[in-house]
Amino acid sequence: KKVRRAGLDYHDLARVTRHKNYQAFLEYLDKEKQGNYRLFACTTKTTGHHVDAQYKAGDVLMFGPETRGLPAEIIEGLPMEQRIRIPMMPDARSLNLSNAVAIIAFEAWRQMGFEGAL
């Protein structure tokens, strides 16, 4: 119900799948994408900027909860080039999750030539 409400009238554009744990999620990705993907950790706990990544079709952007972000073991399990952040001014308040998703997803879409856009 909360997912439906959060998605407003866009729920028909998304396929939501809940996984038992992170390992089950990785197994699902391997099967679903047949190994043709890269997983990006979107986190404040890295130095690489989201605009420096070279996105391609099949890539997966992973965000954690607003309050605490992704667990350290997930971040550390990925190569440095797959750990990305949005540059921020030092004293600025952090962005909320929906804004962060919009910024990074838009950059990935831009790099792929706005595939599917009008």
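Note that Cβ sites are derived from N, Cα and C of the backbone, with glycine treated the same way.
Just so you know, TrEMBL annotations are computer predictions that nobody has curated.
Summarised by DSSP class, the composition of the domain 'tRNA/rRNA methyltransferase SpoU type' (1-105) is 40 helix, 12 strand, 53 coil. Per TrEMBL, the feature domain 'tRNA/rRNA methyltransferase SpoU type' maps to 1-105.
As annotated by TrEMBL, S-adenosyl-L-methionine binding site applies to Gly64, Ile86, Ser94. Counting only same-chain residues at least 6 apart in sequence, those with a Cβ under 8 Å from the Cβ of Ile86 (S-adenosyl-L-methionine binding site) are Cys42, His49, His50, Leu95, Ala100, Ile103, Ile104.
Other Cβ atoms within 10 Å of the Cβ of Gly64 (S-adenosyl-L-methionine binding site) number 17 in total over all chains. Sequence-distant contacts (6 or more apart, same chain, Cβ under 8 Å) of Ser94 (S-adenosyl-L-methionine binding site) comprise Thr44, Met88.
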